[in-house]
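Chemist: Sharing the features that TrEMBL gives for it:
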type	residues	note
REGION	48-80	region 'Disordered'
COMPBIAS	59-69	compositional bias 'Acidic residues'
DOMAIN	855-1184	domain 'Peptidase S53'
REGION	916-936	region 'Disordered'
ACT_SITE	Glu937	active site, charge relay system
ACT_SITE	Asp941	active site, charge relay system
ACT_SITE	Ser1112	active site, charge relay system
BINDING	Asp1148, Val1149, Gly1162, Asp1164	Ca(2+) binding site
REGION	1184-1207	region 'Disordered'
REGION	1223-1275	region 'Disordered'
COMPBIAS	1226-1266	compositional bias 'Low complexity'
Amino acid sequence: MSIKKEYCGSVFYRSTTSAGDLQTAVLSPLSIITMPSGRKHQLLVLKPGKKKGAPPEVEKEDDDEIEEEPGNRSSDKKVGVNSVHNEAGWLEALKDRIKSTKPALLLSSYLSDLETIRNAYPQGEVVGGDIFAPKLYNRLRKVVISSASVQAAMEAFRVKNPTLSINAVQAKVDDLYSRMATNFDNGELRSLAYVVQWILQQMYSGIHISAKEINRVRETARIAQERGVPLIILPTHKSHVDYMVVSYVFLLCGLSVPFIAAGDNLMIPIAGHYLRSAGAFFIKRKMEGDILYKALFNEYISAVMQEGYNLEFFLEGGRSRTGKLLKPKTGILSVVCDTYLQGRIEDAYILPISIGYDKVIETESYVKELLGGSKEKESLRELIRSTRLLGLSFGRVDVRIAKPFSLKTFIDEQVAVRHFDVKNKDHFRNLVNILAYNVLNRINTQGSVMPTSIVVTAILTHRGRGISRKELIERFGWVRELILQRGGRAARPDVKSGKMADGQLVDSALNVLGNLIGKQKNVLEPVFTPVKRFELSYYRNQIVHVFVNEGVIVCALYSHIKGKKQNTMVEKSIILPDVSFLSQLFKIEFIYTSSGGSIMETYDQTITKMVERNVVVVDEENQTVAVNTMDDGQFQFLCAMFWPFIDSYWLMCASFYALFPSFMIEEKSFMEKVQSLGFTLYYEGDLGYYEGISKETLGNAIALFLSLHIIEKQIIDIKGTTVVKLAPEYATNEDRLVSLIDRIGRFRRASRYSVEGVTIFSPRLKQIVRLNTPPLARLYVTGLKFRRKLSAEPVYLFLVIFISFCTAQNITHGRLTPIPLNTSQIDQLVQLDQAFALLNFSISGNKRAGGSARALTPSQVRSFYNAPSSGQGQKVAIVVAYGASTVENDLAIFSSKFSLPSCTTANGCFTKMDQNGGSNIPGDDPTTPAQNGWSGETGLDVQWVHAMAPQAKIILVCANSAASSDLYAAVSTAAQQAPIVSMSWGGADTLSLSSEQTFSNGHSNGVSFFAATGDDGKSPSYPSTSPNVIAIGGTTTYTNSDGTLNSESAWSGSSGGCSSIYTMSSAQSSNAQAKAACGNFRASPDISFDADPSSGVPVYVQGNAYQYGGTSLATPISSARLATVRGAGLLTVFDASYVYGSNIRVRDVTSGSNANYNAAAGYDLTTGLGLWMGDAGVKNQVTTSSTQASTTSRVTSSNTSTTSQASTSACQSLDCGGILNNPLNGGATQTDTSSSGSSAAGSGSQQNYATNSVSSTSTRQVVTATPSPTKNRKRDKIHYIVRMLIQDGVYEKHLRLIKSP
């Protein structure tokens, strides 16, 4: 017999030339058979197992036995066949069959090979359920669809879709089942097996598997078959080849091929059909909301197990793009456990499998995805293109199978130890998670580390730019020994006849890795360098689990000795908090190996082992630890294994600074921005490891920081768009955020930007990260190319300008939530308005029990904000999108109902024009129903400008569409038509050069601009973020049952925060609170008015009445109020200088909040300065005197009580305090009398009307008057107001006007 031994990497090959040689090879524990063409074909043969009746377990095997030289035991007659297989005739039959088969026939065709093995079994010898049983597909279909859970789901689906008939629902269920279910076919399975064999032969040198382990699986499968329970096969998932490998091994070893859960992305033409025939069933990735599919899926899994068939799925969900195990996805595992707990199966055997590759065929595509590229969708075209891989050398495949274990036994143990109540959802979820991590731990323990991984690790953890061949060979052996010391398994030949040289293993691995490793020329000796470091990190990560416990400790120790002598002693008690912190930081990233004790016990045990391995030394007396000075490089090696992951988490956390304080960004876009920042920091030397930019690791970091409530996700629209923002604790505390960034940075490798060994988040890094603030991040890297020539400010401006030209926005109006009002409700409001106009011109709150958010009328709103009913001689331009064809008719109805002067085109009060000032008016909003769209917005704006300033003229400028270009063209036209421009809409906070020029020119010409901040309670919209616009926020107004003001609080929907683009005006920066909140960025809002829809107002749209709210209401109120003030003598522009100067009086709002901020005394990011109540030095207002912050008095029609702070317990729901629950007490009003307070520190019933800065110190005398209960109440009321005006020194001409009866 002529045997030639060939070594390639860690794979041992044997060439055979005769049937006798073939028999010898077959009886070997591991065999590779060389085909005549030179291709290697592995024919897997079992090693001896235990005697009949023994449990499916084997003693722990050592590496010498596993990697034993093929052929050494072939002459031993006592080995090769165990008693079980002798009895069944399995292996003997196989031997006899091979002896009588011509080698050429056996090896030339896979079909012959497969037939040889299959025919060697007696009928029915295949262990496991009969997958080719007649009508299996139909039998399972009947069981699944007729089950109670599926029938209940069908009924629920019919209720949800009442138009569908029973037959239609049944047809849908049949279609879903046919698309999902497996349909085994013997012929097609064999054909696919031939193709798989051929593919594996083309790419891999062989599949290596321990015969002891496969014997154990066969014995377990036999027991499972006798009990009628399934095997649950849980392999690792690194490649699409995994699907082929497990089924191929099972097929060749006489095991029933499993039902395999595959993503529906693999259901591609031709290939998908054959995969289904070979056991694949296709499942959706997401099933939320699909009650039919979810019920079918769960029942199908249960039915397969109940029938005793094997089930295979990947616990990690998808393929690992990083090389290490992923966090488990427990969906199918939950169904498995639930099926057992329901008593539908007696038990199941869990079979963890580790599949290792010398080289994974998809790593190149993984790199593209991890660096931000999109995943290529599986298709027939991509399948054909992948054939270019055939013929390339990808080394060998190692399949290692952990000891199977009983699901029943595991659950029983966990229930007993942890006292789980499996009927409790939380307990059940915890039970499944424990099982999942237990399986992953077993896989990590059982899996072999491939030689390519060892070579890559040796290179990547080496401190030089490259490594010589001699040093690489030495380091290869050193790394391998580190793995073996820690209980890992290295896939290496270790034979009794001699040990394979490490040099050969290294050369073989380098050959497999190909162009990933570069070989330098023109040097004295061969030097190897990592060419594709990112792709190589995949293979290094396959080892990291072996060192995870030690890695956490060495990184914690490193943070205390960085920049100091290596032998510096550090107290163990000081290191422990850092170990705990890092353990928490990496809890999603790694699968920890735990002793089952506390973190302190694990910490002590690991330290003890590290001392034994000469990594550290411990002074037991002083309880200190230091790096062992005799260390052979282990400490540096362990740090280098984990520094890339620390860099990733630091990068993610540093990126959060771009969100500070209140920026939001779409989740997908945020990941792109983080990676862009990572590229910049890497090339500038601030990020030590290129693989730190890995999308998968950064995704784990986001998941961690979400779980720790450092950031939050929020769905912002009906499409499910998810945005990321800082959690309130970090959005309001910059120091806390920076402290977290710095704490993670302490564990990073020291760089040139370290200060005393500590890597800090420096002002320079803050500046770079700030450039990543939305929406600039997509382009800021381009700008940074010029950063060394230009300062940050010009680059920043350049990018902003560039984006302003490239960005087209679709602007939205306020969040309109109209509540229909019937005739009775409108009549009640009209009565209230009339009574209030006559008797209760109240500007101060009368806080008492029973205050609720109710609909308000024009007279109420004017009185609550101290606004005179005038505006004569003034114009207000309102900018909207589309035409709102019924707006003038609706205004006429509104004016008639609430006794307002007529405002029509005919009398010159109302003018309507297009965005260019012409008469080409666009049509109505075609996108939404009138009351929910721009028609409703237009009606709200027009009617409430008229309600607040009945004598003012209204100019409605209609943009052609909601596009930003059209709306800002309309703004430009509006600024030429009127001195006041109202904009109740907004878009993303971005720069619009044309509109900013319009605002600036408008100010020069005396034009004032008002804009709504938005109605989502979050970041403000543009144009309210412009420093040239007055930003209007919103409040909730609470009234008493008689309609008088009770209190006000911040409305939860009022948007507010800091601009990501615009800087704060010098006038606003003079306000210390605004400056503290936003630094140099523009803070919004400036002032506020009523906005909560619960305390909304009536509006007519196309003849129908609705109750509206939002900052879309507050904006026309503010615009109209300015019209009344200008009519009273204010001639200057109402801009930031005026608002933040000593010119306006406000009523502070100190309760309530929006999504991000709380209202507070003084300026806040919910209501701004507060409610605009008057103007210092401006006459012809209902009240004109200014007060100091410490003393304030206001008078109502029935009392002289002062207004209370806004109620913190007032109802803010749309359903409470509604119109129907708002009795008018027969049209009469309640009258309360209370004494006024004079001190800001007085009782809770007092209300301060503080100016932004100190103004007049005079305080008018308080006059108490009660209306006479006679028919002359109106005259008495007027006389009372006259006395107040005389006392305030109002113009005499004004007195003459109102003295007339």
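Just so you know, glycine gets a Cβ as well, placed from its N, Cα and C.
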Chemist: Compute the C-alpha separation of Asp1164 (Ca(2+) binding site) from Ser1112 (active site, charge relay system), stating it in Å without decimals.
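Modeler: Cα of Asp1164 (Ca(2+) binding site) to Cα of Ser1112 (active site, charge relay system) measures 20 Å after rounding.
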Chemist: Glu937 (active site, charge relay system) has how many other Cβ neighbours within 10 Å of its own Cβ?
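Modeler: Cβ-Cβ neighbours of Glu937 (active site, charge relay system) within 10 Å number 28.
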Chemist: Compute the centroid of the Cβ atoms of Asp1148, Val1149, Gly1162, Asp1164, then list the same-chain residues not in that set whose Cβ lies within 8 Å of it, in sequence order, for the Ca(2+) site.
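Modeler: Neighbours found: Thr1150, Ala1159, Ala1160, Ala1161, Tyr1163, Thr1167, Gly1168, Leu1169, Gly1170.
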Chemist: Rank the binding-site residues Asp1148, Val1149 by how many other Cβ atoms lie within 10 Å of each Cβ and give me the one with the fewest.
Modeler: Asp1148
Chemist: Could you tell me which of these active-site residues, Asp941, Ser1112, has the greatest number of Cβ atoms within 10 Å of its own Cβ?
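Modeler: Of the active-site residues Asp941, Ser1112, the highest Cβ count within 10 Å belongs to Asp941.
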Chemist: Tell me, if you would, which residue among Gly1162, Asp1164 (binding-site residues) has the fewest other CB atoms within 10 Å in the structure shown?
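Modeler: Relative to the other binding-site residues in Gly1162, Asp1164, Gly1162 has the fewest Cβ atoms within 10 Å.
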Chemist: Tell me, roughly as an integer, the mean pLDDT over the domain 'Peptidase S53' (855-1184).
Modeler: 88
Chemist: What recorded positions among Ser1112, Asp1148, Val1149, Gly1162 are found with a C-alpha within 10 angstroms of that of Asp941 (active site, charge relay system)?
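Modeler: Hits: Ser1112.
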Chemist: In angstrom units, rounded to an integer, how far apart are the Cα atoms of Val1149 (Ca(2+) binding site) and Ser1112 (active site, charge relay system)?
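Modeler: Per the Cα atoms, Val1149 (Ca(2+) binding site) and Ser1112 (active site, charge relay system) stand 19 Å apart.
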Chemist: Using Ser1112 (active site, charge relay system) as the reference point, find which of the recorded positions Glu937, Asp1148, Gly1162 has the shortest Cα-to-Cα distance to it.
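Modeler: When the Cα distances are compared, Glu937 comes out closest.
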Chemist: For a three-state summary based on DSSP, what are the helix, strand and coil counts in the region 'Disordered' (916-936)?
Modeler: 6 helix, 0 strand, 15 coil
Chemist: Cα-Cα separation of Gly1162 (Ca(2+) binding site) and Glu937 (active site, charge relay system), in Å?
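Modeler: Gly1162 (Ca(2+) binding site) and Glu937 (active site, charge relay system) have their Cα atoms 31 Å apart.
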Chemist: To the nearest whole angstrom, what is the C-alpha distance linking Glu937 (active site, charge relay system) and Asp1148 (Ca(2+) binding site)?
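Modeler: Distance between the two Cα atoms comes out at 28 Å.
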